[in-house]
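**Q** Straight from TrEMBL, here's the annotation block:
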DOMAIN    B:5-59  domain 'HTH lacI-type'
DOMAIN    B:9-53  domain 'HTH cro/C1-type'
Protein chains: 2
Amino acid sequence: MKKSINAYDVAKKAGVSQSTVSRVLNDYQFIKKETKEKVLKAIEELEFTRDEIARSLANRETRTIGLIVGDITNAFFSESAKVITRIAQENDYNVILCNTNHDEESLVQYIDSLKGQRVDGIIIAGADKDNKKIRELFDQHFPVILYNSIIEHDKANYVAVNNYQGARLAVEHLYELGHRDIGYIAGPEKYVTTHLRNIGFESALTHYNLKLNPNFVYTDEFLYEKVYAFTKKLLRQPERPSCLFVASDQMALAVLDAASSENIEIPSQLSVIGFDNISLAGNSYIGLSTVAQPMKKMARLALENLIVIMERKSNKEVSTLPVQIVLDAEVFSRKTTGVR
Amino acid sequence: MKKSINAYDVAKKAGVSQSTVSRVLNDYQFIKKETKEKVLKAIEELEFTRDEIARSLANRETRTIGLIVGDITNAFFSESAKVITRIAQENDYNVILCNTNHDEESLVQYIDSLKGQRVDGIIIAGADKDNKKIRELFDQHFPVILYNSIIEHDKANYVAVNNYQGARLAVEHLYELGHRDIGYIAGPEKYVTTHLRNIGFESALTHYNLKLNPNFVYTDEFLYEKVYAFTKKLLRQPERPSCLFVASDQMALAVLDAASSENIEIPSQLSVIGFDNISLAGNSYIGLSTVAQPMKKMARLALENLIVIMERKSNKEVSTLPVQIVLDAEVFSRKTTGVR
DNA sequence: CTGTTAGCGCCTTCAA
DNA sequence: TTGAAGGCGCTAACAG
């Protein structure tokens, strides 16, 4: 295989030194116009493209970030990924996609791999509550930002929605529709997100003086099939909730699926409210009521702030205040919730 | 910032040469056990992780692939991405996610960027019919595989479903349900996929001696809003089709949305059949009838074959036969199609 | 304004 | 079984 042409080849062809080629490539100001043109011409003729790997090695920056998500097929994550990749492209960053399937071990593996790959920074969407590895990252001042997660750490960077308030809003919405027997598809407690939603949920129950039937609560994994099976079983019970607060739209889809398969009409026989406001929720064929996260804004804030952090680091600036942003949630009432 | 520790530091600590460290890292066979252990211990103590960037530069391989998709929020793509990232992780490859938003210019930009990044290979999902840049890639024997696309090129690698046959199956399904006035949400003709579906569709119409009302055909972009608007308008017309073949499930969701907003009942007033069989289609709350692609199988085949191609290249093996796989489609009849 | 030179951290012959 | 030395292609002082 013929070896690829490099900056030396260009230099030779243009009759200059290799460093001049490098200067042209980097838009260095003080270059004679003619020299620059010669180089540019040589580059064109040789179809030269600079080796970003070598550049990274010399530069100590890769212009690559890692994006770790729990499940890319969850629309909340894929919609976020879309925003993030777009902004990344605008800023000349590459995005390495890491899908953990909500598996902690995989998360850790990915973090190590990304560090070996010398990525400039990492966005972690779907961190568990107390991940040692992630704390380490913050301890080491590695540029990381949590997306839709929070970790108690004085140097932690995060952008998240107010999950606590969001959960309260959900209960409020259901309560005002006359519901008193509320079921809760919570998902696993180990995530920060779900944890906070749990606390918010409980506090709202207390507020309204409602009591929770423990049989009405799902705290297992996010898996579609499991949620589906649980809901199906729940709905067959003689005593069942009149409504369900579901901690993610993705799971809410499984709930609707289960209800539909049991011929339970929504919302007359069962109200369902989700969380996230994935774009499908707004589809009027589905019309999922939900607690909305300002997803686009969050995604933008996450990456833009990460970029600031990364650049600060590459300029060897002293670390400044951590980025800790919490945005408000908002209820969208659609077709799947109705008066009791 | 203190510089990161490298193999020399490890070597010094272990009292060996750097090349020995390198050998340990690469599982070179002929190393004395004790030496190896010394090195391993030093690595551990220093928390050394090798710099994959430097390794890539020396090695001329990055163990990174590019995954170019039209729209990651389309479940067909995100579900494919999930499979691909998993298999990539199993094989120690990183995946750079490139979301083109179905924009050709963006596609070209991404290809250039990935080549500069020296990725070992590229998977392109959603290629347009006659993209020069992609042809170039094949001309240059760059490891690329098209996913769910086909290009007429003797060296082209691709894994795709039989779109032609799939479209025929859709028409057959509708025909057998008694439908004669078929509408077609085709999407833009410029993609290979859609192009072949178009041909298949037309051939089926001919076969059944059906004629197509040109007003019943949508050939604009994949954008949700546009499909929604078109469908809404179409359904308000006094003369409208009794059923719709929609060239992707993603668009079918927009169609259902529009129908629902017009209070048109599905399937009694309008049958809808999609294409892809995204997992949501199987959700019984939605129950979208569709032409299924064997997505998981396709994704696996695409990456596994790409890996073979990449390894072949790094071993400087002569190029062999191109990978050209076409799988069968299959109709899944669910809730959105019914007898006329 | 431009060339020279020394790295960046690793891999890989070649000798020993 | 190990060490020495020369790349991989680029950047970044430092001279001139």
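Glycine too: its Cβ is placed from the backbone N, Cα and C atoms.
Because TrEMBL annotations are produced automatically, they should be read as predictions rather than curated entries.
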**Q** Residue list, the domain 'HTH cro/C1-type' (B:9-53) vs rest of chain: Cβ under 8 Å, 6 or more residues beyond ends.
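**A** Beyond its ends, the domain 'HTH cro/C1-type' (B:9-53) has Cβ neighbours at 62-63.
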**Q** Give the residue counts of the domain 'HTH cro/C1-type' (B:9-53) per reduced DSSP state, in the order helix, strand, coil.
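**A** Residue counts in helix, strand and coil order: 30 helix, 0 strand, 15 coil.
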**Q** Given the model, what does the mean pLDDT over the domain 'HTH lacI-type' (B:5-59) come out as?
**A** 93
